[in-house]
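One structure is given here, and the rest of the page talks about it.
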Amino acid sequence: MRPEDLQDLSLLGQKSVPYIFEYTPDVLEAFPNRHPENDYFVKFNAPEFTSLCPITNQPDFATIYISYIPDEKLVESKSLKLYLFSFRNHGDFHENCINVIGKDLVKLMEPRYLEVWGKFTPRGGISIDPYYNYGKPGTKYEKMAEHRLFNHDLYPETVDNR
């Protein structure tokens, strides 16, 4: 990695990093993709995502799956972790959390393709699994996003195989 690729990363390597538990997209950081000529997926699994129900103020728990095909930038993983932590005391519905995460990542990276899938644990006997995706307009990734959305989760799992 070239030193100039790291100059905008302020969180990685810091021993005392403040953990912010209110929604804070400003904590997200990106670095240059050194292989923009390649199409490849980057995937993150965040099994300890927590937010609050905006009505009851009760905690909601989820595993968040983020997959993207980068263009010129990649998200720095520690900043992503801190960003996801920032939802801890944020009151919002599951569907909105996933859409906000997706839109914030698109704004940060301008990826070729991105998807965010939240698999929330059941509350009141129902689990909610919102899915967001994005394909760069005017490219093959826009069609890819449409195809993946239309074919997403055709075979939903049962409660015992979550």
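Cβ coordinates are placed from backbone N, Cα and C, and glycine is handled just like the others.
Features of the protein shown, as given by Swiss-Prot:
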- Cys53: active site, thioimide intermediate (ACT_SITE)
- Asp60: active site, proton donor (ACT_SITE)
- Val75, Glu76, Ser77, His94, Glu95: substrate binding site (BINDING)
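Among the binding-site residues Val75, Glu76, Ser77, Glu95, not one has its Cα within 10 Å of the Cα of the residue listed as 'active site, proton donor'. Distance between Cα atoms for Ser77 (substrate binding site) and Cys53 (active site, thioimide intermediate): 26 Å, as a whole number. Within 10 Å of the Cα of the residue listed as 'active site, thioimide intermediate', not one of the binding-site residues from the list Val75, Glu76, Glu95 places its own Cα. With respect to Cβ neighbours within 10 Å, the recorded positions Asp60, Glu76, Glu95 differ, and Glu95 shows the lowest count. For the recorded positions listed here (Cys53, Val75), the lowest count of other CB atoms within 10 A around the CB belongs to Cys53. Put plainly, the binding-site residues Ser77, His94 were compared by Cβ crowding within 10 Å, and the winner is His94.
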